[in-house]
Every structure is written in C-alpha cells, then in structure tokens.
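Novice: Below is the structure I would like to discuss, written out as structure tokens.
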Amino acid sequence: MNDHVIYTQSDVGLNQFFAKIYSLVGMGVGLSAFVSYLMLYPFRENLISILVNQPMIYYGAAIIELILVFVASGAARKNTPAALPIFLIYAALNGFTLSFIIVAYAQTTVFQAFLSSAAVFFAMSIIGVKTKRDMSGLRKAMFAALIGVVVASLINLFIGSGMMSYVISVISVLIFSGLIASDNQMIKRVYQATNGQVGDGWAVAMALSLYLDFINLFISLLRIFGRND
C-alpha cells in the first residue's frame with residue numbers, strides 16, 4: 001500500500017515537472033509566433049525593406065541568435081536566474097528571424113506546417129515518455145545525423161539543388177522527431193534518477209532543447225509543404 005502511495009506521489013511530481021517544462025516551451029513558441037506575426041503584418045513593409053535594402057540586419061540578428069542559444073543553455077545548466085529571461089529574449093529574436101523565412105510561403109502552408117509540427121511533437125513526446133526502450137543511442141545517432149545535415153545544407157548553399165534541399169528537409173523531420181522523443185525520455189529519467197531534485201535551470205535547459213526541436217521541425221515541414229509556393 002505504501003509503495004503505491006510513493007509511486008503516485010512520484011508520478012504526480014513528474015507530471016508537474018513536465019507541465020513546468022511545457023509551459024516554458026509554450027511560452028517560447030508563443031512569443032516567437034507573436035513577434036513573427038508583428039513582422040509579417042503590422043511591420044510587413046519594414047520586413048520587405050530589410051530584405052531588399054538592409055539584409056545585414058537579418059544576418060546580424062541570426063548571429064546574435066546563435067550566440068544567445070549557447071548563452072541561454074550555459075546559464076540554464078548553471079541554474080542562474082538569468083536563464084529564463086535569456087531564453088525568452090532568444091525566442092523573441094527567433095520570431096524576428098523566422099518571419100524572413102515564413103514570408104516566402106502562403107498562409108495556408110504556414111498553418112499546415114505548424115499544425116503538423118504540433119501533431120508530430122505531441123505524438124513523439126508521448127512515445128518518448130511511454131517507451132521502455134533506452135533511446136540514448138538513438139539520441140547520439142540523431143546528433144551525428146544532424147551534423148551531416150548541417151554540412152549538406154552548407155554545400156547546398158553553393159549548389160542550389162531543389163531536390164537536395166527537399167531530401168535534407170525530410171531527413172531533418174526524422175532527426176527532430178527522434179530528438180523530441182529522446183528529450184522527453186531524458187526529462188523523465190533525470191527526474192526519476194534525482195528523486196525530483198532538479199533545479200529550475202535544468203527545466204529551462206530542457207525547455208530550450210524542446211523549443212529548438214519544435215522550431216526546426218516546423219521549418220523542415222514548411223519547406224516540404226511549401227515546395228510549390
């Protein structure tokens with residue numbers, strides 16, 4: 001009887017921890033979506049002006065964004081109070097840079113990609129939490145494949161192959177789907193291994209990881225669905 005009570009309390013604690021992480025992910029995605037909306041509609045003329053006349057603003061934002069990822073991750077793993085604000089600043093800036101990608105696609109394509117991303121994210125999250133299979137090996141394989149995708153993407157910048165871009169996008173969907181599942185399993189295992197003694201910084205770190213999984217999944221699906229846009 002006591003064992004059942006302990007299990008129930010642990011299960012409730014794990015659910016609360018997942019809820020905390022997913023609220024942060026939702027906050028980040030929502031903030032990115034809001035900033036993208038502002039750039040795509042109220043400030044659309046500014047967006048077009050930057051694309052045509054001042055592209056260095058976009059590239060500068062992309063570089064700052066890349067730096068912020070490492071800063072936010074480092075702050076989160078050190079459990080510093082600045083981790084959450086940095087994560088939110090990154091999410092807002094990412095919304096800005098995303099708008100320059102989204103503007104090239106039809107509105108229906110964007111909604112289709114977003115809803116599909118949400119469905120895949122939800123399904124893979126459940127798989128990651130429920131599966132008994134150790135996914136740490138898969139996680140390593142996904143990161144190795146991700147490096148290959150980055151290299152292939154850089155090469156394709158010079159080649160400009162539409163087919164290669166499509167293949168890269170399909171592989172990216174598989175990679176980030178796998179990472180969503182493995183990240184969720186890791187959250188569960190770390191929580192259980194530490195008996196729930198995990199800091200808020202670690203929650204931010206995992207929220208950042210899941211946020212990146214979702215955004216990259218969305219971009220990959222957007223490119224697949226928008227091939228004819």
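Keep in mind that glycine also has a Cβ here, set from the backbone N, Cα and C atoms.
Found this in Swiss-Prot, in case it helps:
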type	residues	note
TRANSMEM	21-41	transmembrane segment
TRANSMEM	56-76	transmembrane segment
TRANSMEM	83-103	transmembrane segment
TRANSMEM	109-129	transmembrane segment
TRANSMEM	141-161	transmembrane segment
TRANSMEM	162-182	transmembrane segment
TRANSMEM	202-222	transmembrane segment
Novice: Between the transmembrane segment (56-76) and the transmembrane segment (83-103), are there at least three Cβ pairs closer than 8 Å, leaving out pairs fewer than 6 positions apart?
Specialist: yes
Novice: Among 109-129, 141-161, 202-222, which stretch has the most Cβ pairs under 8 Å to the transmembrane segment (83-103)?
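Specialist: Looking at each of 109-129, 141-161, 202-222 in turn, the most contacts to the transmembrane segment (83-103) are made by 202-222.
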Novice: Can you work out which residues elsewhere in the same chain, 6+ from the ends of the transmembrane segment (202-222), have a Cβ less than 8 Å from its Cβ atoms?
Specialist: 17, 20-22, 24-25, 28-29, 32, 69, 72-73, 75-77, 79, 83-84, 87, 90-91, 94, 98, 101-102, 105, 109-110, 113-114, 116-117, 120-121, 169-170, 172-173, 176-177, 179-180, 183-184, 186-187, 190
Novice: How about long-range neighbours of the transmembrane segment (21-41): same chain, 6 or more residues beyond its ends, C-beta under 8 Å?
Specialist: 47, 84, 87-88, 90-96, 98-100, 102-103, 187, 203-204, 206-208, 210-211, 214-215
